[in-house]
Amino acid sequence: MTDAHTAGPFIAAIDQGTTSSRCIVFDRDGRIVSVDQKEHEQIFPKPGWVEHDATEIWTNVQEVVAGAVAKANITRDDIKAIGITNQRETTVLWDRHTGEPVHNAIVWQDTRTDGLCRELGRNVGQDRFRRETGLPLASYFAGPKARWLLDNVEGLKERAEAGDILFGTMDTWVIWNLTGGADGGHHVTDVTNASRTLLMNLHTMQWDERIAESIGVPTAMLPEIRSSAEVYGEIRGGKLGELLGGIPVASALGDQQAALFGQTCFAEGETKSTYGTGTFMVMNTGDKIINSYSGLLTTVGYKIGEQDTVYALEGSIAVTGSLVQWMRDQMGLISTAAEIETLALSVEDNGGAYFVPAFSGLFAPYWRSDARGVIAGLTRYVTKAHLARAVLEATAWQTREIADAMTKDSGVELTALKVDGGMTSNNLLMQTLSDFLDAPVVRPMVAETTCLGAAYAAGLAVGFWNSTDDLRANWRRAAEWTPRMDAETRDREYKNWLKAVERTMGWIDDES
Ligand SMILES: Nc1ncnc2c1ncn2[C@@H]1O[C@H](COP(=O)(O)OP(=O)(O)O)[C@@H](O)[C@H]1O
Ligand SMILES: O=P(O)(O)OC[C@H](O)CO
């Protein structure tokens, strides 16, 4: 990937994602110089449970950083800073003296804390969590996952109370290890990641002692909350210390907020949607904390150093790209993710079938943990090709529901949607999305907006770029899709989709 015309210096970014970790080196124009990537194991111990081995992830992170640097054929002096972006909410607890995780990390999709959340809702009330943290009480977020670990790993509560255990989302885990680990690593997180824990007060931007107490998480184990773009420490210790010691670790952003930044959505109302394992639409709401009445999350967009916090509204969809993986790996109906498009194009429409992939319940705008997946409208006529269409349409309809909620909450009409992520290479999906939204869909030249956003924030922190205006100049359109569907068809299909969604609800009861 090395571009012979690209001259240094450079910024590197690590994206610790749900399915893989990657490192990308960027030049000053925001162009990719090199990429290295490695997948990690997805561990499914029980239905609804998803875990990652945090030690495997840290090993992979070190390998991909070394790999990207080697591919770019550069040295430590060419890299001015490194930024971090990460799958959000995934929670790991580890021993501060040995650096050993006490259990596998519990992944954001994991539903094991549903019962705990219901109990907290009954005892403390939903409203208080929404008001202080911007989030509904749901198994998606990190705080209840930490509580589950404290309750279920023998002796852990006592060790945590004695101050021997550290909590982290994946940004925290990676930064602590990068900056020295048990030998003085920095235990920090940024405001965007902290805003996904159910433990941070959105108004003070600090841990909320009372909420932490009600969830049952001792604040002594929580990292210091910092901005998204500042120097947290330097690479130190281990193999990476030898190779890249001294490079400032200068940004941390949850991956969806990083994509917002990488898409240069710096103005209030600008919106992006990222299509990966799940899909996440995020709107910049400037200095306004907008309370959602339509099932969206109120969250932090980013905070650059000492500058004011920028807030955001988010619509999170748990299952989109992972439904394509499911068709491939569990059903064997396709052999590669890209084949879903070929199969779907072999028929004109969905043949009357609608697929609502409520595998982890339904996230936005419903937040129903009692929902489970449904394929509705089946007849003898339906083939696997119709199902392939229904799979792609599921992603597009879920986006439409979020877009409607955003317009209701913010009063801003969606005039165009900036997209990125692995699924955006699917042209049929992008056209369907534009049809269902009745709005243009645009994809930038650098589709790796997540890493780019982390690189931009790190570059701003060390003065590699001076301002967000420098960054805007790097955004270039690569592709655009415009609506082709007539309003009558769209409305009819949307009604059918909503009927199918209703059929997912109430499948899980308290006993199950
Ligand atoms: N051509 C395609 N059509 C539909 N889905 C795709 C296609 N290519 C990749 N995907 C899906 O996109 C996801 C990978 O995208 P990526 O942005 O790398 O995800 P993540 O960052 O969540 O790991 C996978 O779930 C895969 O099934
Ligand atoms: O790693 P991704 O791209 O699947 O993103 C996961 C999200 O951050 C979960 O909130």
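A Cβ is built for glycine as well, from the same backbone N, Cα and C atoms used for every other residue.
What TrEMBL says about a protein is an automatic prediction, not a curated fact.
Sequence annotations record features per position, and here TrEMBL assigns domain 'Carbohydrate kinase FGGY N-terminal' to 11-262.
What TrEMBL records for Thr18, Arg88, Glu89, Tyr140, Asp255 is sn-glycerol 3-phosphate binding site. Look at Tyr140 (sn-glycerol 3-phosphate binding site): DSSP puts it in coil.
Summarising the annotation, TrEMBL assigns ADP binding site to Thr18, Arg22, Thr277, Gly321, Gly422, Asn426. Shown in sequence order, Gln87, Thr90, Val107, Trp108, Gln109, Gly276, Thr277, Gly278 are the residues of the chain, 6+ apart in sequence, with a C-beta less than 8 angstroms from the C-beta of Thr18 (sn-glycerol 3-phosphate binding site).
The ATP binding site feature in TrEMBL is assigned to Thr18, Thr19, Ser20, Thr277, Gly321, Gln325, Gly422. Long-range Cβ proximity for Gly422 (ADP binding site), meaning a same-chain Cβ under 8 A and a gap of 6 or more residues, is found for Tyr275, Gly276, Gly321, Ala337.
According to TrEMBL, the glycerol binding site annotation covers Arg88, Glu89, Tyr140, Asp255, Gln256. Long-range Cβ neighbours of Tyr140 (sn-glycerol 3-phosphate binding site) (same chain, at least 6 residues apart, Cβ-Cβ under 8 Å): Glu89, Trp108, Gln109, Ser316, Ala318, Ser360, Phe363.
Among the features that TrEMBL reports, domain 'Carbohydrate kinase FGGY C-terminal' is placed at 273-461.
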Quiz item: Which of these binding-site residues (Ser20, Arg88, Tyr140) have a C-beta closer than 6 Å to some atom of ligand 2?
Solution: Arg88
Quiz item: With respect to ligand 1, which members of the binding-site residues Gln256, Thr277, Gly321, Gly422, Asn426 satisfy a Cβ distance under 6 angstroms to one of its atoms?
Solution: Thr277, Gly321, Gly422, Asn426
Quiz prompt | Chain-internal residues, separated by at least six, CB under 8 A from Gln325 (ATP binding site) | solution = Thr277, Ala337
Quiz item: Using Cα coordinates, what distance in whole Å links Arg22 (ADP binding site) and Asp255 (sn-glycerol 3-phosphate binding site)?
Solution: 12
Quiz prompt | Most crowded position, judged by CB atoms within 10 A, among Glu89, Asp255 as binding-site residues | solution = Asp255
Practice problem: Taking the residues Thr18, Thr19, Ser20, Thr277, Gly321, Gln325, Gly422, which the record names as binding ATP, find the longest CA to CA distance and state it in Å to the nearest whole number. | Solution: 14
Self-check item: Entry from the binding-site residues list Ser20, Gln256 having the most other CB atoms no farther than 10 A
Solution: Gln256
